Amino acid sequence: MLKALRSSSSLQQARFTTGASYLQSNSRHATKLSSPFHGVLRSVLRDKNPKLFQRVFFCSDSGDGSGSGPESVVEEVESKSAAAIVPTAIKKPDDFLTVIALPLPHRPLFPGFYMPIYVKDPKLLAALVESRKRQAPYAGAFLVKDDPGSEAAGSDTEKNIYELKGKELLNRLHEVGTLAQITSIQGDQVVLIGHRRLRITEMVSEDPLTVQVDHLKDSPYNKDDDVIKATSFEVITTLRDVLKTSSLWRDHVQTYNQHIGDFNYPRLADFGAAISGSNKLQCQEVLEELDVYKRLRLSLELLKKEMEIHKIQESIAKAIEEKISTEQRRYLLNEQYKAIKKELGLETDDKTALTDKFRDRIDPNKEKIPPHVLQVIEEELKKLQLLEASSSEFNVTRNYLDWLTALPWGSYSNENFDVLRAQQILDEDHYGLADVKERILEFIAVGKLRGTSQGKIICLSGPPGVGKTSIGRSIARALNRNFYRFSVGGLSDVAEIKGHRRTYIGAMPGKMVQCLKSVGTANPLVLIDEIDKLGRGHAGDPASAMLELLDPEQNANFLDHYLDVPIDLSKVLFVCTANVVETIPNPLLDRMEIIPIAGYITDEKMHIARDYLEKSTRDACGVKPEQVEVTDAALLSLIENYCREAGVRNLQKQIEKIYRKIALKLVRQGAQNEPSGLGSEHHGEAESAGESREISSDEQTQGAAKSNETNHEPGSNTTEEAEVVEPNVSTDQASDLMDSETTIKSQDNETPNTTEKVLVDEKNLMDYVGKPVFHAERMYDQTPLGVVMGLAWTAMGGSTLYIETSQIEQGEGKGALSLTGQLGDVMKESAQIAHTVARAILGVKDHENPFFANSKLHLHVPAGATPKDGPSAGCTMITSMLSLAMNKPVKKDLAMTGEVKEKTIAARRSGVKTIIFPLANKRDFDELASNVKEGLDVHFVDDYNQIFILAFEDLQMEK
């Protein structure tokens, strides 16, 4: 092509004039161009000089770079620039064997292309200016190698490369570069145009780096070679495809395509590599290649990659454009549809539609809505009509009206006043809990006599797992009320109870307003869970906010901060749950009716497990009752050795564990039986060719059992039969016999599948739930000296607590007492008092015994890692010390305590037969159920002498 350009000046002038006019008309895209020489191109195009346009894109020749026409144009342009230099006689490029080395940080410079660079080194820049003044405006442009210690090249490479000098810089440069002509210098910007390839041979000077070079020439090639022509055609075709979407190089590709036969093949390869977006190492590989064919191949590979990138970009752009167009079209159609319906009177605007929706909500119950609430709703509806739909106040008002109109003003559910029906529902869901059930039945009876019911606040307190939360749901079902539950454990924000102010972004009403909207009635049963775990933080005290909610005198006009209108909660039945009531603030506790729920004894757990937990778990696991049997002994062992807590939550987990393993066992049995049953059946048919006889039902059953034994499959659910046909039997008889046997098989298949029944008893219980977690709480079969069993109370229920006293030192006047076992202050004081009382009692019973005066005692309460405190262990400590002093063990099945029911349950669990209670607890003991008191010898005392007689009855018998 360049030969054609030189041979026809008129043609080339016209051709490049077209290119210049095109790029000038598209100057608004100039800032988007990625070509390194396009900045110079834009400045030249301002002069509208078509001759210079030839020089802008290509050198006149890659051989010598001379020519009066182009150089005179350069002189003309430079004379108009700020740093104008008028060359007089520029040397030919062949004369330059020693050049200044310019580092190129980003991309190599190809012959025939312009590239602006920024020179940060003052010495290097001064040397370039000086070379132009000496009529030697040439330098060597070499690409910088990537720093081996740096993962990515970038601005750091450009910044640090000018800090290198001499050999250090030389080692960072590629050997092959380009002889570049310095066309202009503006400040620190230097514009270069490439002429030919160079190779560094040696270094001449260090600062600035000057090197000796060899001028490289392309390897000889045959211009008529078909392979080279075909490769060049493919390059041009790929260029055309790549550049269809870009106007940057469109004119250049058209120029190349018009004169394919005049192409300079080496320059074509350079052109393809130069305009590609490949990385600098790939471009450097093209620059270093002197074989024309290989250079074309490398350039073609780069252009193909560019083609693929453009395809991906086009597909992404097309997908995004289609999505945007589809959404835009849908939006326009919706707007037109709304406008048409509005013109026809079929639809109103958003404000009117919202107003109609809110009025439709309140119209059916308008008479039941309080007047002050109706007034607020009407005012807000008028305000909504005046607001712009795009304003934030519009959304606040809309949400406010949404909450106001969604509440069930004056809407109540029909309550159940049938006491017998309520009793049946409560008994269906829970075993025991007589106090809770009695209180609910009283509530229903009062409501029936009055004709209406009022809201109450009940608090169920007890250890975890006793059914506090679930009984709340059962009460709601018994009363035919809607149920709503929310937990306040850890709640520290008052706004969760009272709601947020509407001025805040994202404001919402409190829990009670949300409850009323959710249930749709004004008299639900609200279960407030974990009320003893209310938090307190910077956002206020929720316990104080609960006072208004749970006060029957105030909740008839409960004011939520968000609604800002009074709400009647007087019909709501509040049921609260707590593990301990001591942590509930007294003002809040005073507003609630406390119903304690103690732990379950073993008999109660047995009933719950057998009648409730086992049945629900069996249904949940898909196990049929006839497939499994869990014995009472297994359940008793499970309760005593695995689930000693007061509740039954852990018991339910263990029962679920048992039934999951049973389900797995049944499924495995079925999987083993199914394929073997089919195989035996076909095997029996194969052996049935010899004889035929009539088979009775008993023989069939025996044969099936024998077949099961043979195949070692006791759980098989199919009966296997063999068809036996005698040779002399006619075909009709054989057919009838086969039909009868087929009927028998079909009848067997219609019967339900049966597998071996799974038995869970005390012996194989460990196979289902593992080793026992607990062992017997009785540590001694025969109580040693100084050891007495006490009974303790915890939030988990009752437990046994041994008091152990031992003598650690003896000597005259050494009487003292040391305590261990993480005892609290109250319990330590009880121990000191017990020591004094025991010393006094011993003085009365055996005044000659100097034990306490001469013995240092050590009293320990196991387990040592558990903190203990309380005033009810005094008598137990006295008895322990006296046992050691008198050298007499106490009665082996004796325990003593206060806190009646929980500790009585613990005593029964430990096999204690005799319990000593304070006389003041006799009323509490009488209230216990008969099954709790059964089999116990209970003594109520008001003096320690009575305890002494009971504890040391053997001593009394000796006397």
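Glycine residues also receive a Cβ, built from the backbone N, Cα and C atoms like all the rest.
Taken from TrEMBL, the feature active site applies to SER872 (among others).
Under the heading active site, TrEMBL lists LYS903 (among others).
Its own atom aside, the Cβ of GLY467 (ATP binding site) has 24 Cβ atoms within 10 angstroms in the protein chains shown. GLY467 (ATP binding site) carries neither a helix nor a strand DSSP state and counts as coil. Positions annotated as ATP binding site by TrEMBL: GLY462, PRO463, PRO464, GLY465, VAL466, GLY467, LYS468, THR469.
Within the chain, the coiled coil (293-322) has long-range Cβ neighbours (under 8 A, six or more residues past its boundaries) at 221, 225, 227-228, 231-232, 234-235, 238-239, 241-242, 245, 265-266, 268-273, 276-278, 282-283, 285-286. According to TrEMBL, the coiled coil annotation covers 293-322.
Residues or ranges marked as compositional bias 'Polar residues' by TrEMBL: 698-719 (among others).
The compositional bias 'Polar residues' feature in TrEMBL is assigned to 728-756 (among others).
Taken from TrEMBL, the feature domain 'Lon N-terminal' applies to 99-307.
Taken from TrEMBL, the feature domain 'Lon proteolytic' applies to 782-954.
Cα spacing between VAL466 (ATP binding site) and SER872 (active site): 25 Å, rounded to the nearest whole number. Note: the CA-CA distance between SER872 (active site) and GLY465 (ATP binding site) rounds to 26 Å. All protein chains shown were included, and the count of other CB atoms within 10 Å of the CB of LYS468 (ATP binding site) stands at 26.
Neighbour density for VAL466 (ATP binding site): within 10 A of its CB lie 27 other CB atoms from the protein chains shown. Of the listed binding-site residues, namely GLY462, PRO463, PRO464, GLY465, the sparsest CB environment within 10 A is found at PRO464. Within 10 Å of the C-beta of THR469 (ATP binding site) we count 17 further C-beta atoms, all protein chains included.
The average pLDDT the prediction assigns to the domain 'Lon N-terminal' (99-307) is 79. Neighbours of SER872 (active site), defined as other CB atoms within 10 A of its CB across all chains, total 21.
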